[in-house]
Amino acid sequence: MTTQPTTANDIKGLIAMVATGRPLSEADATRAFEAIMSGNATPAQIGGFLMALRVRGETVAEITAAARTMRDKAARIQAPAGAIDIVGTGGDCAGTYNISTAAALVTAACGVPVAKHGNRAASSKSGSADVLAALGVNLDADLALVERSIAEVGIGFMFAQRHHSAMKHVAPARSELGTRTIFNLLGPLANPAGARFELMGVFAQEWVEPLAEVLGRLGAERAWVVHGSDGLDEITTTGPTHVAEFRGGVVRSFDITPADAGLPLAKAEDLQGADPEANAQALRALLEGVKTPYRDIVVFNAAAALVVAGAAEDLATGAARAAQAIDSGAAKDTLARMIAIIGAPAS
């Protein structure tokens, strides 16, 4: 028996359930998000549903359903079984250098395949797509080339707008609402390569444990969800970082500090970035071996990624490997090789 698509009339009942404070089952939430992402809900219904969820508070089941639906509708690519994504929700309004993007390059240079998923900046000065474009990556590269880059170089960039065309049905309502909704959490949960390992940053600590559970439900083998004590959606070097790890079906929470990786504390102003061109220049300098607080935070995040991927026993070991990948020129070479495959066409 075929499943009938959820219609605009059907979603009314689901909106009413949420509006009265009732949590949706994963099946009911899937029906709602299937309607929304298929264009079978009106803008008013989408806005009403998203705000009802926001006011009541989104549940693990609802976030899982939304992310799974987004994954199902994505333009998929293949990545090696051990691939990791290093990604943040954005929304921390910190205006830092591009940390996860640089950490992804360093992690790949250490031999761990990275299926990097990201977008242009929403609340910051420079998103991962912005800085990579400034470095010479072609955001519109054929998806087969992105797949090839991951396979041959160990890293490729999946530009979210290329992979999630279903978001066109949600964009008008999100724009008119002008406030955070469940969709601000979904990007890092909807990796088009289905990476089974993930280092994910989030803009608020309240989401650290729930999103680790969501990643587990979505099939992650091991994942860290992190939030810096300074508000960063990254592992920070200005103080402690709260971590929820999903592994072996269990979520475990703990805090880490730069000292765990043998790194010094930084000041927030030392991590301030600028526009994509300036951030690209800083990233190039980092790959050349220039030692700054930016390098330290990138090494720390890469160290964590290596731990998550099973390529380092602990943060100190991971940090040493990450630093060596930079100092040997391997990380710089990784960027050059990626650009050789998915670089912007000559003008």
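Positions of Cβ are set from backbone N, Cα and C atoms, glycine also.
Here is what Swiss-Prot records for this protein:
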type: BINDING; residues: Gly88, 91-92, Thr96, 98-101, 116-124, Ser128; note: 5-phospho-alpha-D-ribose 1-diphosphate binding site
type: BINDING; residues: Gly88, Asn119; note: anthranilate 1 binding site
type: BINDING; residues: Ser100, Glu234; note: Mg(2+) 1 binding site
type: BINDING; residues: Arg174; note: anthranilate 2 binding site
type: BINDING; residues: Asp233, Glu234; note: Mg(2+) 2 binding site
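Proximity of Ser100 (5-phospho-alpha-D-ribose 1-diphosphate binding site) to non-local residues of its own chain (separation of 6 or more, Cβ distance below 8 Å) is seen for Ile86, Val87, Gly88, Gly118, Ser128, Leu199, Gly201, Glu234, Asn301, given in sequence order. When secondary structure is read from DSSP and collapsed to three states, Ser100 (5-phospho-alpha-D-ribose 1-diphosphate binding site) falls in the helix class.
Annotation: His117 carries the greatest number of neighbouring Cβ atoms among the binding-site residues His117, Arg120 [cut-off 10 Å, Cβ to Cβ].
The Cβ of Asn119 (anthranilate 1 binding site) lies under 8 Å from the Cβ of Gly90, Gly127, Ser128, Ala129, Phe159, Ala160, Gln161, Gly187, each of which sits 6+ residues away along the same chain.
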